[in-house]
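Student: The structure's right below; bear with me while I get my questions together.
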Amino acid sequence: MHKIVTLPGDGIGPEIMASALEILQAATAGTDFTYEVTEMPFGGAGIDAKGHPFPEETQAALQTADAILLGAIGGPQWHDASVTPEQGLLQMRALLGLYANVRPVRLADSLVHLSPLKEERVKGTDMVIVRELIGGIYFGKPKYREGDEAFDTMYYNRGMIERIARYAFEVAQTRRGHVTSVDKANVLANSRLWRETVNEVAQDYPDVQVEHLYVDAAAMKLITKPTDFDVILTENLFGDILSDEASVIPGSLGLLPSASISAEQAALYEPIHGSAPDIAGQALANPMSMILSVTMMLRQSFGEEVLADRIEEACQAVMAEGIFTKDLGGQASTTDFTQAVIRKLQEG
Ligand code: NAD
Ligand code: IPM
Ligand code: MN
């Protein structure tokens with residue numbers, strides 16, 4: 001029995017979590033994949049229920065999980081909280097040691113028409129962004145605001161860079177064997193250490209080709225020549241920004257999942273987007289990002305390739321029939337889409 005802890009969170013988080021869990025249930029009915037789900041408060045919901053975005057009960061539950069699913073957190077009502085939902089999320093990433101955030105960006109041929117970009121540019125896009133998740137300017141000290149001055153510190157050491165670089169090179173070995181490391185080595189000392197360390201690590205992976213791009217040029221090339229990328233390796237903040245940008249290739253932020261990997265603890269799976277307060281509570285959310293987070297969990301935590309393929313194929317088939325949510329220009333509500341995927345799973 002696999003133990004899955006769910007953290008639905010805020011805004012559209014609970015809506016897309018419900019959709020993905022219904023689909024998981026439909027896909028696993030009658031199979032020997034068995035699991036139990038324990039839902040815990042997190043983010044704004046943690047503040048409302050327990051006075052903290054990452055309550056102690058939630059911390060304890062995560063220690064016993066085989067895999068963790070997170071919806072999304074945050075919202076204007078908690079911006080002035082003493083510990084914000086976003087700070088709670090960063091605390092969780094640090095506590096669990098989730099150093100590698102893996103964000104695949106793929107565009108099925110049958111769904112190329114959903115991209116706002118020219119078909120001939122985006123057709124065949126299949127890349128993975130490997131974002132370092134517990135270092136850089138998010139975590140470096142000092143970090144404070146004092147009157148009219150504020151400090152954030154970008155910090156990496158060789159060990160932190162080496163660990164994420166090895167992860168990215170190993171991902172590349174299972175793919176097309178190409179790593180693009182993205183930095184700002186023409187300006188930042190951090191990036192010069194990054195580039196030097198990546199080149200050292202590369203020597204241990206002679207079957208993987210490495211190239212370096214500055215982040216500004218990478219941001220441009222991501223949109224103009226997305227098919228040139230296989231694995232993108234980058235630090236925390238650059239990876240955050242480039243991955244939202246990359247969502248324009250398939251057509252919506254609501255399509256992109258992620259996996260966050262730790263050396264010691266269970267992995268965590270979550271959409272790359274946030275709680276989308278502008279559309280929350282209206283059944284407008286695209287649940288694909290959460291559904292694909294579940295299929296990443298099935299593959300990476302539980303080795304359930306066939307189950308994951310079945311779910312992904314059902315979603316793709318439904319979307320190819322023209323059933324998709326408003327973010328992609330469709331008419332389907334979150335529930336319409338979910339039910340269509342469940343019907344497709346039951347047919348097949
Ligand atoms: P957002 O990612 O929530 O939304 C950006 C835009 O994308 C919005 O227009 C939204 O409606 C749309 N969108 C996002 N997901 C969608 C989906 N599944 N279907 C359809 N449309 C979708 O970013 P934001 O508005 O800048 O931030 C809102 C809150 O979320 C903030 O509090 C932010 O800090 C937080 N946030 C949390 C996470 C997380 O939980 N990991 C990630 C990013 C932002
Ligand atoms: C993400 C989010 C978070 C980040 C925020 C909410 C702290 O944007 O998961 O991509 O910047 O990492
Ligand atoms: Mn982000």
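Placed from the backbone N, Cα and C atoms, the Cβ positions cover glycine too.
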Student: For the substrate site, TrEMBL lists ARG93, ARG131, ASP216; sort out which one of ARG103, ARG121 goes with them.
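Tutor: My reading of TrEMBL gives ARG103 as the candidate in that site.
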Student: Which is it, of ARG93, ARG103, ARG131, LYS184: the one of these recorded positions whose Cβ has the most other Cβ atoms within 10 Å?
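Tutor: Counting Cβ neighbours within 10 Å, the top one is ARG131.
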Student: Determine the mean pLDDT over the domain 'Isopropylmalate dehydrogenase-like' (3-341), rounding to the nearest whole number.
Tutor: 98
Student: Can you tell me which of TYR138, GLY274, ALA276, ASP278, our recorded positions, come within under 6 Å of ligand 1 at the Cβ?
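Tutor: GLY274, ALA276, ASP278, by Cβ distance under 6 Å.
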Student: Which residues of the same chain, at least 6 positions away in sequence, have a Cβ lying under 8 Å from the Cβ of ASP244 (Mg(2+) binding site)?
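Tutor: In sequence order, LEU253, ILE272, HIS273 meet the Cβ cut-off.
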Student: Starting from ASP216 (substrate binding site), work out which of the recorded positions listed here (LYS184, ALA276, ASP278, GLN282, ASN286) have their Cα within 10 Å, and give them in sequence order.
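Tutor: Near ASP216 (substrate binding site) by Cα: LYS184.
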